[in-house]
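Heads up, the thing below is written out as structure tokens.
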Amino acid sequence: MSSDAIRNTEQINAAIKIIENKTERPQSSTTPIDSKASTVAAANSTATETSRDLTQYTLDDGRVVSTNRRIMNKVPAITSHVPTDEELFQPNGIPRHEFLRDHFKREGKLSAAQAARIVTLATELFSKEPNLISVPAPITVCGDIHGQYFDLLKLFEVGGDPATTSYLFLGDYVDRGSFSFECLIYLYSLKLNFNDHFWLLRGNHECKHLTSYFTFKNEMLHKYNLDIYEKCCESFNNLPLAALMNGQYLCVHGGISPELNSLQDINNLNRFREIPSHGLMCDLLWADPIEEYDEVLDKDLTEEDIVNSKTMVPHHGKMAPSRDMFVPNSVRGCSYAFTYRAACHFLQETGLLSIIRAHEAQDAGYRMYKNTKTLGFPSLLTLFSAPNYLDTYNNKAAILKYENNVMNIRQFNMTPHPYWLPDFMDVFTWSLPFVGEKVTEMLVAILNICTEDELENDTPVIEELVGTDKKLPQAGKSEATPQPATSASPKHASILDDEHRRKALRNKILAVAKVSRMYSVLREETNKVQFLKDHNSGVLPRGALSNGVKGLDEALSTFERARKHDLINEKLPPSLDELKNENKKYYEKVWQKVHEHDAKNDSK
């Protein structure tokens, strides 16, 4: 046994014997209790348990509530009903989209077989569509949804009934939000019902790589099973990549590519696969305009310059994208960021009017970029249809209604939705670090009933004190009341003499203490999940302007601050092996913090 272990054992032995010989301490005087709190305590007192109405309970604020009814009765109750096939499907096998909409609104679930059936039907339908679909006007174009089901319902209220309104969605239906499955299945059911005027494109999040890294896979494992998740990923591989709207607009999730010279290049792709990390397919789903897209860098750019621009130029003996048109996309970690010159060149070559895309959160829900020189029309338009993205951005959502050659942008705000804990944890899993930490604090408090002075090695030998009426110092006091040796019962004496029990007790307490310190670290990490939500107050901290860059960052708008902190999640996630290494490093870091905490305490 190490010297530290021996010392700790001796201290625990001394503490146990001192506790055995202490007199019962007088109860400390209590402070006056607030009259209102006294009333509440009296109302809930167990003294009147026999006559108490157990169907009524008095809260701390004095309100009396019923114990057999929901307190928040204004919030619709979650339905536990799993629909039958007759309720869910029409005689022709197509799902009843109105029933599904209302069922999901009450957080209802489907059976695994029903979910698989809808996904399989949608996959078969997508597989028959070309990479580049043609959609006529009038039409309503929508951007990212990201699992915000209740906002999706609001979108249809603003945009019009899907039964009578044509829709084109630009991808990113899943991840980040807590209702990705509901969004996906409801959109798939609308596609199955209205195939002639309802279209869905693929976004960069519609792939196994991103959904495994973000929230969709965890959601599917929590709500259903791995088989349904795999079927959803298969359906993603069948989604079309782009749309030609009214023969004038290229609609795509991400942007253009140096490899995109004609629209036929899109149809030449093999899309039935996982999204690659480079190439034309990657760029269509991942590309962004550069940050300086609207800045007047091309004021002298002529139509001839645009026509003569080259997307690919010789570089070190091989062809590479022109730096005037495409630069590596450092924000995403893959694909390219394209310039105004690149967009104008593409529109000139294809004869199109503009590019409509999604992929980036916008404070107003949309952004129109610099006009083309030839037609004076916005060369690029970004749409984002997830309001208050991540419950943090405080942004508006927008959709585009296009009819009779007129564009009409409609904005809407977020809709309240049910709350889920991060990673779909239940309340017990969420609270375990807190409970573990508090339990160990209680154990430590029990051990700390004796002062350090009482446990010092130079304290009179405990064996000499047992059986005498010698005064023992009380914890936190210079004197102690005498305690007759006869107060110790034979049972207690036998326990105190059991060396193995004392050592086992000590080892258990130290082990729990170490686990508790790990819980403490994990609790801090758990709290960081809510870090972005702390930025929602909108209040500038005192002294922010005097704190340099950090203070100025805090003075930014809610949207900009949230976007800045969430920027790391806009990148292409690491591979599975890289993720395993990151998790390994994370837990090594947790244990390192625990060991550092131990070393710090030992040095005191």
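Placed from the backbone N, Cα and C atoms, the Cβ positions cover glycine too.
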With Swiss-Prot as the source, which of 225-247, 340-362, 501-523 is set down as region 'Calmodulin-binding'?
501-523
Fe cation site partner of ASP144, HIS146 (as recorded in Swiss-Prot), chosen from ASP161, ASP172
ASP172
If I go by Swiss-Prot, which of ASN204, ASN218, ASN394 binds Zn(2+) at the same site as ASP172, HIS253, HIS359?
ASN204
Between 470-497, 526-553, I'd like to know which one Swiss-Prot lists as region 'Disordered'.
470-497
By a three-class reduction of DSSP, ASP144 (Fe cation binding site) is assigned strand
When the Cα-Cα distance from ASP144 (Fe cation binding site) is computed for each of the recorded positions ASN204, HIS205, HIS253, HIS359, which gives the smallest value?
HIS359
Specify the secondary structure state of HIS205 (active site, proton donor) as given by DSSP, simplified to three classes.
coil
With HIS146 (Fe cation binding site) as reference and a Cα-Cα limit of 10 Å, the qualifying recorded positions from ASN204, HIS205, HIS253 are HIS205
Check the region 'Calmodulin-binding' (501-523) for me and report the mean pLDDT.
63
